[in-house]
Amino acid sequence: MEPADLLPLYLQPEWGEQEPGGATPFVEILEQPKQRGMRFRYKCEGRSAGSIPGEHSTDSARTHPTIRVNHYRGPGRVRVSLVTKDPPHGPHPHELVGRHCQHGYYEAELSPERCVHSFQNLGIQCVKKRELEAAVAERIRTNNNPFNVPMEERGAEYDLSAVRLCFQVWVNGPGGLCPLPPVLSQPIYDNRAPSTAELRILPGDRNSGSCQGGDEIFLLCDKVQKEDIEVRFWAEGWEAKGSFAAADVHRQVAIVFRTPPFRERSLRHPVTVRMELQRPSDRQRSPPLDFRYLPHQGDLQCIEEKRKRTRDTFRAFVQRAPLPGLEPNPEPRPPRRIAVPSRPPPAPQQPPSMVGAPPAPLFPLGVPPASSPTPEPLAEALLQLQFDDGVGGSGPPPSTTTTTTTTQCALGGGIPDPGGSPLDLGALLGDPPFDTIDAAELQRLLGPPETPPGGIGAGGGFGELLSLPTNFGDPPSSTAATFGPSPPMLLSYPEAITRLVQCQTPGGSGGGGPPVGPPQDLGGPLHPPGAPPQPTEDSLPSLGDLDFSAFLSQFPSS
C-alpha cells in the first residue's frame, strides 16, 4: 500500500460530509505534482509514460498529487485534465494516460467514505507537432475545456514542454451534480527540454580552490542551456558567479569555469561555501555542493604583504623628503662636457725627388715672402717645355715671371725677388766671379741661343734643336710647318751651368772675370781634360735624344 493511500485512514470520517451551516464546498490541493524530473514520452515509444510524482516524493517515500474536498462528504465525481501553463488556460494537446484515463483526461467517482483523493499511475503522453490540431479538436469534441476558452482566444502556438493539472469536482446538490470551481496545479516541465529540465549538479574534478580565485574546474551536470545557466557561489552575506563563456559548455552536460575570488583574499584558514547551478530565466537552482576556499599558496612567506608595507613606507618617506630627481621643478643644469685630447695636425709629406733633397731656398735680405706658391718637383721642371701661342697654337705665350719662377725652382727651389735684386750665386756655385749676377742676365744665359739666319742646320748644335717649338698635344703637321722664335725651354742643370761658365771666361761674351779652367760638367761625373764630356742620366740632351728621335725624322733636311 502506498503512503498516499494511508492518508484517508488518518482523516476523520465526518470530513466527507457537508458541514452544517451551509458552507460552500471547495477543492484544495494537498500534494502538488513535482515540477521537474519527469519525462514526457511519445506514444510510439511503446512503454508506460510513468507516474507523476508528488512534490515531496523521494526515493524511499514516494508520493503523488493529492486533493481534498472541503465542506463536503458524500458521493461525487472528479476529473483531471491537462491545460496550458499560461492563461488563458485552454486545453493542452498532450494527454493523460493510465488507469481510468480516456480521451486524454482522467475521470473517476469519489468515495463517499473519504474526501481526500490521491492520483496514482497518471502519466503524461506528448503528441507530435503535426498532430497538434487534431489533438486540440479532440479535446473540444469531448468537452475537455475546463475554463471554456473560445477558439479565437486560444493561441496558435503551444508550449509543449510545460503543462498544468486541472482538478474538477462535481458534488451532489438539490438539483443533481453541481460543479465546484476548478483548481490548477503548479507547472510540470518536461525533463527532456533543457530550458525546463531539473537542474542537477555532480561533483567536479575538484571541490576546493584558492581564495584569490581563477582556479579552473570541470563540472558535470544534466542537460542545460548554455545561454541560460550560471554557477553560483554563496555564503552568508556574500554571493559571486563563476566566469565562463557559452563555448565552455560541452554538449549541455559539462561546464568548464573559473572560480570567483572570495570576499577576503588574505585568508588564514579555509572557509566552506556553497556552489550550485542557477537558471536565470526561472530562478531555478540545483541542489548545492560544498566548496572550500583555501589560503593563497603562492605567497607562503607573505612577501607581497611585506612588499606593500615597504612600498607604503618609501612613499611616505619621499613625500616628507623628496629626492632631488623627484622634485616638481628641478633646477636646470648645464650640459655635461667631455674633455677630448687634441692632436697636432700631421706634417705634410714632401713628394719624392729625382735628384734628392734640394738646397735651402734663398730669400733676399733674409726675409721670406708673405706667401709663396708650392715649388714644382725638379723632374717636372726639367721636362716642362714652353711654347709660343703663335707657333704651337695651343694657348697664350707664357709670361716672363712664370719662366723665371720655373727656372729658379729648377736651380734652387727658391722664389726670385720681384724687385730684381742680385742673387748670391757665388755661394751656390763655389766661384767668386759669380757673386753677383743680374736676373735679366741670368734669364738670357739660361734661355736658348738665337737661331742662325740659315735655319736649323746652320748652327749645327743640339741646343739649337731643343729651342724648336714643340707641342706633343698638337698634330705633327702644324708643328713641322712653322719655325720661328719660341719661348725659352729649360735645359738640364749641367749644361746650363756649363754655358754660364763659358760666358764668364775672358774669351766669352760675358767676360771681365779672371781666367778659369776648362769648363766641366758640374752636375755629372769628372772626366779627363781634353776628352769630350760624357752624357749623364740627368742631362736633358740624352733625354731629348730619346724623346725626339721619332719627332726629328718628320722634318725635311735643309
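A Cβ is built for glycine as well, from the same backbone N, Cα and C atoms used for every other residue.
What Swiss-Prot lists as compositional bias 'Pro residues' is 342-351, 358-376, 526-535. The feature compositional bias 'Low complexity' is assigned by Swiss-Prot to 418-433. What Swiss-Prot lists as compositional bias 'Gly residues' is 454-463. The domain 'RHD' feature in Swiss-Prot is assigned to 25-311. Residues or ranges marked as region 'Disordered' in Swiss-Prot: 317-376, 388-544. Marked as motif 'Nuclear localization signal' by Swiss-Prot: 306-309.
Counting only same-chain residues 6+ beyond the ends of the motif 'Nuclear localization signal' (306-309), none has a CB under 8 A from a CB of the stretch. The DSSP breakdown of the compositional bias 'Pro residues' (342-351), given as helix, strand and coil counts, is 0 helix, 0 strand, 10 coil. Residue counts of the motif 'Nuclear localization signal' (306-309) by helix, strand and coil are 4 helix, 0 strand, 0 coil (DSSP-based). As a whole-number mean, the pLDDT of the motif 'Nuclear localization signal' (306-309) in this prediction is 76.
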